[in-house]
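Colleague: My structure is below; once you've seen it, I'll send some questions.
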Amino acid sequence: MAIFAKALKMKDSKDPQSPKVEKPEAINLISSDSASLSKFTAVNHYIPATLSKFLFAALFLVQLVGWQGTLAALVVTAISVPVHTFVIKQERMAQKHLAAARDKKTKAINELMYALRQIKFSASEAQWEDRLETFRQDELKQLRRVFVAKNVRSVWSVASPFVVAAASIFIYAYTTSSISPSILFPMIELLPHLQSTLGFLPVVFNDYFKARSNGSRIENYLRRPEHKTVLTPSPSGHISFHNATISWPSDVLQQHRFSLGHINVDFRAGELSIIYGKTGSGKSLLLAAIIGEVDLLDGTIKAPSMAEGQSVAFVSQTPWLQNTTIKENILFGNPMDDKKYEEVLKACALYPDLAALPKGDETQIGLRGVKLSGGQRARLALARALYSSAQTLILDDIFASLDAHVSRDICKALTGALCRGRTRILVTHQVSLCLPEANCIVHIENNTARYAEGAEFVVEKQIEVETENSMTADLPRQEKSKEHATTLAKSKGLDARTDAKVYDIYFSVAGGLWFTIIYFLGLVTKQLLASLTTRTLGRINSARPESISLETDVPPVAPGSKGGWAQYLYLYLLTSTTTVLLEFLFNLHAYSGSLRASQSLFRAATFRVLRMPLHWLDSTPIGEILRRLTVDAKNVDDYVLVTMSEFADNFVQMMLIVCVGFNTSKYMSLLTLTLLYWCTTVSKLYIKARTTVKRADSQPSAAILEHFTSSAAGVMTIRAFGASDRLAAHMHGHIDRLSTARRHFFIFNRWLSLQMSLIGVIFSVGTGIILLSTSTADAFLIGYCLSYSMQLSQAMFKAINNFGMLETYMNSAGNIIAYSELEPEKQGGREAPNNWPSLGNIEVKSLGASYAPGLPLVLEDVSFSVKGRERVGIVGRTGAGKSSLTLALLRLIEPLHGSIVVDGIDITTVALRTLRSRIAFIPQDPVLFSGTVRSNLDYSHQISEDRLNDALQRVKLLRDDPEDEDSGLFTLDSRISAGGANMSQGQRQLLCLARILISNPKIIILDEATSAVDDETDRWIQDTIRSQFSGTLVVVAHRLRTISSFDKVIAMSEGKIAEMGSPAELLRKEGLFYDLVQSSEDREYLMETIG
């Protein structure tokens, strides 16, 4: 909980140079490191118990064999402890390196999941697979080091009891010249207790040091700088900047950092203010300053107190939404007011969207609103702001994703009853839209903000037509399809495999039949050798085979007698050495197989996930994918074969004890069968209860990860709304459910331990009574049976407990296997010629497509043709199918009938990677990768620096002075955070355009790729594309001005082509395109230009 609370208080740093703990590392802190603290808390009581046990064992041993034999045992044990401690220290260091390697891999997986659609658009799955494999190989390298250390520790744990026993017995026999059963078998029982206590302490201390190390990692996280308010309370309610200099939060001091300086502006309370400026000028930075999410380098910022009840409603450029229903996102913890709720839905034009959704406002929107279009997400975030009680509304470019009709409705809402008396500060490129109602206009340029005077701000403006989220379905009517997609995903058996097939697959990838045979033979042989060792030790007293009466004394065996104790002591040492050697070889064999299985399963799972169709990605929670590729993968790496070996060891040991019971007498057989039935009944009840508890454990565990991931992505919004405490309470609920499940888990373990102890006591007492009631018996057999009978309870408890843990870890393996068996996109097809496409001709015939077989069509009977080098615009209202058409051109949705032919080749016959790598595609919300500008432009580092700089220059992103970070521009070595978090959305779009200009493909598809840039930059980009690009251009138009000079316009409606032709032809038809033009704020310009 402390980690989550800290995440909500930390600086939301945009600086990639800042040495902050990344979110993926924080995920590891929650999922793995905190678990080690819980584990140590659960076992730390063993320390005093172990020390007490050691003291009593030593006292009994002194009474039994005298101080010489006890001293020998203690000296050898004391020598073994430092060795054991050294081995554990090496294992701890290896674990530390392994944790660091896992952090890097988790960070890469997290970045991969959030950029997966971008990766698919650019056909860079193979590159990311290689990148992830690099991190994975480093992790496996460190895992090998851990396994080596574990093997040494395991071998020493097996060897040291034999050495201690041999030393004590030798010294006792040497000093007394004899040894009897009354001494030998109690000694055999006491020495393991003596040695195991000291041997167990390093294990507990290893857990302690691991918990301390992980605790230090958590402490370092908790000590990170927290967000501190930079705002001065404003009693009047006005928001004012007085000679303020601001920059994005950073944990490091930098001489050059982007900032806005000498700001002196006032935003009056209860009025509408507008902020505008070029892309990357710092508009979002100014808004962040109003809610206190900046570093204030100089001056003061006065704003209303953000205490409870006076929160600020913040709508970011990329809206942050919760993975819940539409209604719950709008309410956002506020009580339901039916009248106000209906007014908000109407004001945000959400009624048509809700009517098209199967469950209306009860529809689950997915993580980050993935099931909604870009426009729907923006309006939902705005609805949350309007429904809140906040008196200040901070709105960052909310019109970028809305069509002309909806934009006018939203503008009316911002000046209507719901906003009356509220302070509204709006960043937009569409100044003219709200200009009549605005009381204050602020222009940002040259790293400062100032009032716009006179007609300075009345420049060419226009209302954008509707946009869609090109990374998901754009049609409201397709939400039903997505609901079906979710059901389809679940019905195809994507749940974890838990049957015997999982074991079969696991051993198959671990090494196949021979690995399995050797593995199980080794398990059985180890226990047989251990039994033989104990039997050999017992024969020290039984050199003569005849039976004797229990009532007579057993003559001691002299060391010099033929077949005496020395002979069996040497044999004991031989069998002990063989057991130790076999332990080493067996562990080597098992760990090698574990590494092979881990590598194979993880590689297969990531291969499938990277190549799954869009409908699967949309219907699968990202928290589930992250859990399977991190937590489940860790369980498979660390625990599957280790736990399986421990279970098998205990089970074979238990069977040997049972066999001893069967071979002793018929009464022992009857007792053994009765106790076996009891044990079986108890184990069934325990496994059933454990399975239920672990299921109850896994659900809140996944919920905790998802809640943390979601909340960490929206820290600015959460703090602005003052919702930190409420979300913390939600996290408390998840943690309480997890704690309850784990509490029951420990209770069931204690119950199992009690049951097994009762069985063990009954078996030991029953064995003693039965053997003592026998008139004649072999002295060795009596001691041997009693010795083994006292091990039964521990063997049963460990066997059942390890079997329960094995079920849990094999469930993790089943999760990974389930992902490795997913059906990916059809990758096959022929390799097209190297110069394909050479002309850029596109011909679509009677195309029908859906997001998956069995789902409703999103494109119906679509036919058109595009000649090479033509520029084609695609327009239409919300839900028309524009983005679906662009996805079909890249086979991101598969055609059910009809065809798409590019330069004479049907794209369904072309290899998928070839198709997507030859056609460039930029979505509205492009994602960048952590690294530098250079690595994002040229992942393979094969393009000259001059070409890269030229591309940056053409999209107006190149910085002339490498040290001048105040310009807001970049050099090739400028750092980029994961996802491009330290860049504005417009800058991310421009960088993706630069990447396309470098590759110069024959076909470019732009899906609202310039929606977040200012008008001047948009015109610049269009001129650059027109002059520098000679191929075919397909643009989903948000600004009709953008496509006004295109060769052809396709107007879509309800998944069909409503009309098609040149802009002038369509304007004369007075159809759909004409209606769109008439509703645009650029109507006069468009009529004049096109007409």
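Backbone N, Cα and C define each Cβ position, glycine as well.
Straight from TrEMBL, here's the annotation block:
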DOMAIN    25-210  domain 'ABC transmembrane type-1'
DOMAIN    239-471  domain 'ABC transporter'
DOMAIN    509-808  domain 'ABC transmembrane type-1'
DOMAIN    842-1079  domain 'ABC transporter'
TRANSMEM  71-88  transmembrane segment
TRANSMEM  154-174  transmembrane segment
TRANSMEM  505-525  transmembrane segment
TRANSMEM  569-591  transmembrane segment
TRANSMEM  751-772  transmembrane segment
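Show me how these features fit into the structure around them.
Modeller: Mean pLDDT of the predicted structure over the domain 'ABC transporter' (842-1079): 83.
Residues 497, 582, 585-586, 589-590, 592-594, 596-597, 600-601, 640-641, 645, 648-649, 652, 810, 813, 817 of the same chain, all 6+ positions outside the transmembrane segment (505-525), place their C-beta atoms under 8 angstroms from a C-beta of that stretch.
Among residues of the same chain six or more beyond the transmembrane segment (569-591), those with a C-beta under 8 A of the stretch's C-beta atoms are 144, 147, 150-151, 154-155, 158-159, 162-163, 166, 169-170, 173, 515, 518-519, 522-523, 525-526, 529-530, 532-533, 536-537, 539-540, 641-642, 645.
Through the fold, the transmembrane segment (751-772) approaches residues 550, 661, 664-665, 667-668, 671-672, 675, 678-679, 682, 686, 781-782, 785-786, 789-790, 792-794, 796-797, 800-801 of its own chain, all at least 6 residues removed from its boundaries and within a Cβ separation under 8 Å.
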